[in-house]
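J.: Here TrEMBL flags A:6-283 as domain 'UvrD-like helicase ATP-binding'. Annotation source TrEMBL lists ATP binding site at A:27, A:28, A:29, A:30, A:31, A:32, A:33, A:34. Per TrEMBL, domain 'UvrD-like helicase C-terminal' is recorded for A:284-589. If you look up TrEMBL, you'll see A:697-742 marked as region 'Disordered'. If you look up TrEMBL, you'll see A:704-728 marked as compositional bias 'Gly residues'.
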DNA sequence: GGTGTAATCATTTTT
DNA sequence: TGATTACACC
């Protein structure tokens, strides 16, 4: 045991050996968080406090889960296969498969990924004749997911106006459609599982008794539903070990609720809050910059990183004239570093938004430097792979209409839009899936549809004895997919990917311990199963409390889940030594010897859409904090005076975040222009992002090292003022928190406007919305507005131009 | 039913 | 600017 605990610092040791009760570990960037988490599990097991079956450890990504398993196996001689270590979605899927009847799902329910969900909603709306101008399907999806993540079913969603009532109606129809088809989306996995445990006292008791220790990674990223799920599993007596970093919360936009940390501390009666502040990654100046920057955020739990590594090199700051020049600088700098012996994969170039990568990529291509961009299309998302999966899904579950529609006419079978419309009508009429409605269709449509259903049925029958890889091979052949792509000009890669799908199936079967020859559609216990069969108690499927849950998925269902829940590697050209390009979001959790953070410009970073409300701005700041703390030894931060975006040249002001870094840890590679001269002292309407939107008359990329103030700001502004008549522009007029706002000449005008909660309003940038809250008075008065298209924002009435509109 | 062109529209993203 | 998508057309 001393082995396990050796080399832990005092804070880490304290965390690992905490008593049997809930605890919150504030783990700073590079503080050994994963190590603490896995060592904690190993320690609990090794000291006999818990058996491996009694642990539930949950992460957000499959990668993190795999890493945890790998480290655990390295620490302890145990078989981790039956352990409940996985993502929220993966664990919920497992539970729902085990208790599919109690959860009200077919045994072979399918999982919709984001694209599937969107097409399901589109199909639904088409059938219901809903105006997709007024209700863009993407917004409907957002609405549904958001509701589910709040734990709300349609009946529980409050709808005050007709617009929202329609959305709720769509939500309800969507749920019914999913239920008919036997499919669940990502959010549904969590909500279903949560409801299953809520409604079934025996199941709840079972799992609560089993999982005495629940460990959570990246706790700051949990949403409301995930928090509720954890709380339910924890019950009254179990210990939840939550590890997270509020300063690295960068996913509020997708539902993450940092507030869960504070709630957790209170509701779980946390007595032990441990801060891991010793950083093992970055040199001193880099940490100084990170600490100083993040101290500008309010509402922090409070943490300061420290290192023994010494100051190291100062953070290099570079001002470029244009984005092209910024890229050239970076590439030249990298070439010099490589000449000094640095390897390419130790260098990362980070950016706020994907569009920024293009210029950098071009420059890299020009000098012939290999690079790798994160975040491309992933294996299971490829068109041909999705097609093959759709056939497999139909074999497993014929009612999956999303899969049906996807391949009913691919390869082409002469089934056109009119046939499908007729079929969809029949399905709606008889309240059944499209496959089931085929017999009700007539004429030519009926016969070609009938042939397709026969094809699927034949596939289903003939693959029954086949193993999973054999099934995949059979399907890509008999579906006609291979033949189809053989006739296509660039079909070779696609065929290659289809063959790769067979390999993926074989690998999956191997990893899961199903046995390579096990029939794909028979539930088979793992060969060395410690797993006990399910026992039926009063109609409930209950698992023996002392044994791991049986493998409850057939190889095929398991593989299809796997394909939805783990879309595969999203790095192009993995493997070779290459410069790493990615968004700051994608960089979270990674580290590099040398990091370039690019585009530190107002409007870009912080992004114009986020900078308008204080919470958004703080999240942007955390994003910058994440970016800075990726660097181990050398950090560059660059910004440009002008940048090509959406086909137009934008003129930028350097990011406020630069002013928030301690001068003592910086080294300006270009002369530092005075920010005051840029922002203040001008009587024209200068402001945040002013130059981002405005356009100086005429001059292209004005030369480097421009003097203070002068150049930008004049000229273009009126264009934006004009159209809406009464004054200020959109995005740069919102409340900006602690940061002083530029003095607007007509500030007081808007402040006098009376608003009320519930008041429908119009904003020139965000469109129509409803006021959901008001606070403050006079110049500080703020309104929270729920915009139809842009979600909730806090806006300062003194500067935001909100126009009341009629109800 | 596949191909070509016009219109549209552009944070961040894992499951 | 460039990628994606919708729709007209052959």
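Each residue, glycine too, has its Cβ placed from N, Cα and C.
Nobody curates TrEMBL annotations by hand; they come from automatic prediction.
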J.: Using the recorded ATP site (A:27, A:28, A:29, A:30, A:31, A:32, A:33, A:34) as reference, state which further residues of the same chain have their Cβ within 8 Å of the centre of those residues' Cβ atoms, listed in sequence order.
T.: A:36, A:245, A:276, A:279, A:280
J.: Among all protein chains shown, how many Cβ atoms are found within 10 Å of the Cβ of residue A:30 (ATP binding site), not counting that one?
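T.: Excluding its own Cβ, residue A:30 (ATP binding site) sees 20 Cβ atoms within 10 Å.
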J.: Taking only the residues in the domain 'UvrD-like helicase C-terminal' (A:284-589), give me the average pLDDT of this model.
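T.: Averaged over the domain 'UvrD-like helicase C-terminal' (A:284-589), the predicted model reaches a pLDDT of 88.
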J.: Please list residues from the chain of residue A:33 (ATP binding site) whose Cβ is under 8 angstroms from its Cβ, counting only those at least six apart in sequence.
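T.: The list for residue A:33 (ATP binding site) reads A:25, A:27, A:217, A:243, A:245, A:276, given in order along the sequence.
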